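J.: Under the heading Mg(2+) binding site, Swiss-Prot lists ASP78, ASP120, LYS121, GLU442. Here Swiss-Prot flags CYS119, CYS191 as [2Fe-2S] cluster binding site. Summarising the annotation, Swiss-Prot assigns N6-carboxylysine to LYS121. Taken from Swiss-Prot, the feature active site, proton acceptor applies to SER468, supported by sequence analysis.
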Amino acid sequence: MRSDIVKKGFEKAPQRSLFKAMGYTDEEIRRPLIAVVNSWNEVVPGHIHLDKIAEAVKAGIRLAGATPMEFNVIGVCDGIAMGHIGMKYSLITRELIADSIEAMVMAHQFDGMVLIPNCDKIVPGMLMAAARVNIPSILISGGPMLAGRVDNKVCDLNSVFEAVGAYSAGKITDEELFALEENACPGCGSCSGMFTANTMNCLSEVLGMALPGNGTIPAVMAARIRLAKMAGMKIVELVERDIKPSDILTIEAFENALTVDMALGGSTNTILHLPAIANELGIKLNLDIINDISDKTPNLCKLSPAGHYHIEDLYFAGGVQAVMNELSKKGLIHLDLLTVTGKSVGENIKDAKVKDYNVIRPIDNPYSETGGLVIVRGNLAPDGAVVKKSAVPPKLMRHRGPARVFESGEEVFEAILKGKIQKGDVIVIRYEGPKGGPGMREMLSPTSALAGVGLIEDVALITDGRFSGATRGACFGHVSPEAAERGPIAAVQDGDIISIDIENKTLTLEVPEEEIKRRLESLGPFEPKVKKGYLYRYSKLVRSASTGAILE
């Protein structure tokens, strides 16, 4: 076995001595050594309970006859990091997580690993590591938070963000804001809507890297603990059969993930993460593939922020496997792909049934005939931008309005709360891209403020940054090339007319090309905002959002 290099033979006596210093017996050392990669911490509500998940995983590993060895990686809470310098450090942890797992697994030569993430960047970071080191691996998440309730109405973290805008506009009282603060997040788990964390946890199931149920079983349910034990047992089988991520993560698996993403109306951040994971295996997911899949995939779900349902509702309606089964009725799912169950996708989903067609629409009666995400292009975004079409108000599907230009999320947040944004405006937030930020911050605070003050159906927002999965409205992110690379977004001036046409997938700055070129040439080279530390190194290495913001 792979771990023999650190334990077998007389010359490995020093290594065995170190294992024995931790209390491992000869029998435990002889067995397959399984890394349990945990992201537990006391900072993130989605991770506060992962110690319990890890204990269940380790119990499963021991039941199956192998030896678990746990180590930890970092995890950032995007919600706590939102709206300040801390958000610059969110996306960049994806690479730190992948790199640190690579280092630990290669240094200690584990036979397999179980990955325990839950929140936004931790899931893709761990999947990138699995693809990179390519040893038998399985992912088991912590599970979604339950939705909150105030006055018998469901709510979630996004409700609190939007309430800040409503409070500043005098639309709600101190008591109403406090009630949301107290009740929107009722306990552990990844925030309860189809936000980035839950989207990625659902897609890990679709990719075949997690067991059925991983994306939707609530964090507080005993079924989550049972699933963790099953994952611990399953990794030993994967090691015995030598089933690696490269056997599972094929181009067809990524096509399945994109298809389900479109059906669920998932987070726009998947357009960063799926290409980055694929890149680790030498698979290129370009933006044209994404649009091709979106064009033929019906949108079957409207979960928060696009609708009032939450992940627990999706779970009780049949979960991700039921969505896949529904999509397979029109031949939209590759069925013969291998998964960590040891069975094919088709075998996994054949008995999955939709239990509530209000939550999961039937394939012949979708919310729309095309997917929830769309890539748009035009002279403002030559290399593309992404919008969550399923969360855009109908009257903003096509829009033309004057640009209001800002250099940071904080500037526009303040302008919204002070009433400086008018109906019809097109907000442009630039120098928030991977290099320009650096770190490509999420713009949830500005979009939530727009919703709170009542402008979310009348104002569009365009940025080279990105959006939280909780964002709703006509919000275009990942504009590429970014302003720091002197993309056309750097040339926009206040009052320029911007045209949006989501159905035709265009984003147009109504300024002559010669004038755009003249403006860009007058800017000179971009001066980095950060001159030291990890952010500085990241800004030097990161590529465009159109590539998944990977490092090179």
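Any Cβ shown, glycine's included, is placed from N, Cα and C.
Let's see these features in context: how buried, what's close, how far.
T.: Counting only residues at least six positions away in the same chain, the Cβ atoms of GLY75, VAL76, ASP78, SER90, LEU91, THR93, ARG94, ILE97 sit under 8 Å from the Cβ of LYS121 (Mg(2+) binding site). A coil conformation is recorded for LYS121 (Mg(2+) binding site) in the three-state DSSP classification, outside any helix or strand.
Taking a C-beta cut-off of under 8 Å and a sequence gap of six or more, CYS191 ([2Fe-2S] cluster binding site) has these contacts in its own chain: PRO45, GLY46, GLY79, PRO144, MET145, ASP156, LEU157, ASN158, CYS185, ALA197, ASN198, ALA470.
According to its DSSP assignment, SER468 (active site, proton acceptor) is coil.
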J.: So which of the binding-site residues is most packed in, judged by how many other Cβ atoms lie within 10 Å of its Cβ, out of ASP78, ASP120, GLU442?
T.: ASP120
J.: List, in sequence order, the residues of the same chain other than ASP78, ASP120, LYS121, GLU442 whose Cβ lies within 8 Å of the centroid of the Cβ atoms of the recorded Mg(2+) site.
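T.: Output for this site, in sequence order: VAL76, ALA81, MET87, SER90, LEU91, CYS119, THR196, ALA197, ASN269, SER468.
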J.: State the Cα to Cα distance, in Å, between SER468 (active site, proton acceptor) and CYS119 ([2Fe-2S] cluster binding site), rounded to an integer.
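T.: It is 12 Å, counting Cα to Cα.
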J.: For CYS119 ([2Fe-2S] cluster binding site) and GLU442 (Mg(2+) binding site), determine the Cα separation and express it in whole Å.
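T.: Cα of CYS119 ([2Fe-2S] cluster binding site) to Cα of GLU442 (Mg(2+) binding site) measures 15 Å after rounding.
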